[in-house]
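Worksheet: the structure to be examined is printed underneath.
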Amino acid sequence: MGTQNIQPAIVQFAQLDKLLALGRANSLWPMTFGLACCAIEMMATGASRFDLARFGAEVFRPSPRQCDVMIVAGTISKKMAPAVETLYDQMPEPKWVIAMGNCAISGGPFVFEGQYGIVEGADKLFPVDVFIPGCPPRPEALIEGILELEEKVTGSRRWPRVEVG
Amino acid sequence: MHVDPEILRLVAFLVGVIAFAALNAAYLVWLERKEAAHIQRRIGPKEVGPFGLLQPLVDGIKLMTKQLIVPAGVDPVLFKIAPILVMVPAIMSFVAIPFSDTLVARNLDLGLLVIFAFASVNVLGLLLGAWGSRNKYAVISAARVVSQNVAYEIPMLVTVVTLVMISGTMNLSEIVGLQMGGFWHWNILNLAASPLMPVAFLIFFVCMLAETNRAPFDMAEAESELVAGAFTEYSGMGFGVFFMGEYANIVIGASVATILFLGGWDCPFGLFPGVHWFLIKMYFLIFTVIWIRWTFPRTTFYGLLNLSWKILIPISFVNLILTSAMLKVF
């Protein structure tokens, strides 16, 4: 399961692989899928002020068969976990997962002794490629997460990283 | 060595038609995304190539290298043949469309009939794909698509029969030939034949939207109700071919509307007729189709069927009777 375990091809085509990676990185179609309040920020990212469409990633497909990246936006309750896992399994390879927000990273504010209802992090269910911290993260952070995923796919960054002063 | 020019012509038109259909299908997706973005006060794809112009190419690479899932329990033959059944008739319809008086692959005497015969295969492809994928949302979508197409073929064909009565021919080149010489000769303003001609154009355009399953009549792919409708189980290029077939069908619909009502390659002012006027009119109609999609909400299914059976069909029959009476009297 997951993109990490795919065996490399026996015959390597470096330039062609780069082209394929560029194609995949620039057309990351996310799934129309939100679990909690982070999904509201995800919708704001797609709307006019932040415009995810600039990177070709605005095609939110409703069916997991046509998605490339699953943005786990919100708290995964134990009751919801099987559904989330099914959605992940239904996505065709190559597929990526972005864990958005503290709940999807580690359970966030819901982790305490004796809690019984929350899955403590999306990585307990399936491999996660990019973690976006925040509660909830700003839309800029989600865009940065998508750019980070593009960097992971192609190996090079679209723009120089902004230094925090 | 002597090569029959007919064979060269055949090959040239074969390549040209397929390239035209495929390029249109790819770049109409770009147009749709850009137009949607600007209607919603966004910018749209801009980082992939200048103005995002490489976006269709990138999407194509991605879709082609995506895993093709054939889920367990589907009918493998129907599941695989359905996208082809949507795409191939759409490309084949281009054979009969005259882009100008010389630029036509086959000047068929029954060109109009050929196009409508191929256009009706589209719904069969959607039905087979949805039925074959054995998914409850897909089957509901298939039932909707079939009833929608049955309802809208009738006013569309009645309107076309009206036009054939006026023109007296089914040859598309001759239909355009009768409208040459300025916009007051076009069928949309042919008030001498029937005062209802502008209404007939409106009926034809609405039926075209419904036949190609475009919003506000996109019952086939009602995301908020039916996941992705008939395409729910299709991944990778299986979905891509469906998508391209949809856009190719829009191009066909806009071309037929241009030929029947807007005078084909005729210039509105009677100067320099040519293929550019055909393309301008066709792309204006396609622009309008996308414009409607992003500014109108989806109708309910009952509203859709009521519109056809209670409004469009009676009006188109009134137009038919009025036209035949006018032709008989004058």
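We number each residue from 1, going along the chain as drawn.
In case you wondered, yes, glycine gets a Cβ from its N, Cα and C as well.
Residues or ranges marked as domain 'NADH:ubiquinone oxidoreductase-like 20kDa subunit' by TrEMBL: A:37-149. Predicted-model confidence for the domain 'NADH:ubiquinone oxidoreductase-like 20kDa subunit' (A:37-149) is 89, expressed as mean pLDDT.
Positions annotated as [4Fe-4S] cluster binding site by TrEMBL: A:Cys37, A:Cys38, A:Cys103, A:Cys135. Counting Cβ atoms from all protein chains shown, A:Cys135 ([4Fe-4S] cluster binding site) has 12 others lying within 10 Å of its own Cβ. Mapped onto three states, the DSSP output places A:Cys135 ([4Fe-4S] cluster binding site) in coil.
Counting only residues at least six positions away in the same chain, the Cβ atoms of A:Ala73, A:Gly74, A:Met100, A:Gly101, A:Cys103, A:Ala104, A:Pro136, A:Pro137 sit under 8 Å from the Cβ of A:Cys38 ([4Fe-4S] cluster binding site). Taking the binding-site residues A:Cys37, A:Cys103 in turn, the residue surrounded by the fewest other Cβ atoms inside 10 Å of its Cβ turns out to be A:Cys37.
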